[in-house]
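Structure first, then comments.
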């Protein structure tokens, strides 16, 4: 149960980090047009874009966002599935299904191993897709445009939330392998305990 709670926590963090990666278009959003305090607080009063440059920045932001959106959605879907799976297993444990049907623990072990092994290719696809977006001409042009106005933080490289999602995915894979080993141990324990009345 402790391992399963850890899996729930890791899956929730993966879901959060994935949503940060694709949560907004980012960059220039035309805040000076809002007027008032927004204009000065968010940098509209200095080094801002205007005219054609502003429109180009918005276009690049939208195109960059659309390039990253499928990757972020896929990562969020995986994180959501990883969040539901241990919750279902916790419910199964509360209902004492493994005691009444010990073979369930072997099924559970197999599922853990499949998920742990599948995490490797999933992480490869995640980072490979992100790097292809960051190496695209859209990202490079966007980076140069923002740097020309002195804005920082628009580099074409992985950011903290994406790296954290990868590390959390590795930790989740290790947690699933540990859970697989514990499921086998629990199967042996339950099997031995159910055999004792027959021996008496």
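Heads up, the Cβ atoms here are built off N, Cα and C, so glycines get one too.
Checking the ranges 71-92, 137-158 against TrEMBL, the transmembrane segment annotation falls on 71-92. Given the ranges 32-55, 104-127, the record in TrEMBL names 104-127 as transmembrane segment.
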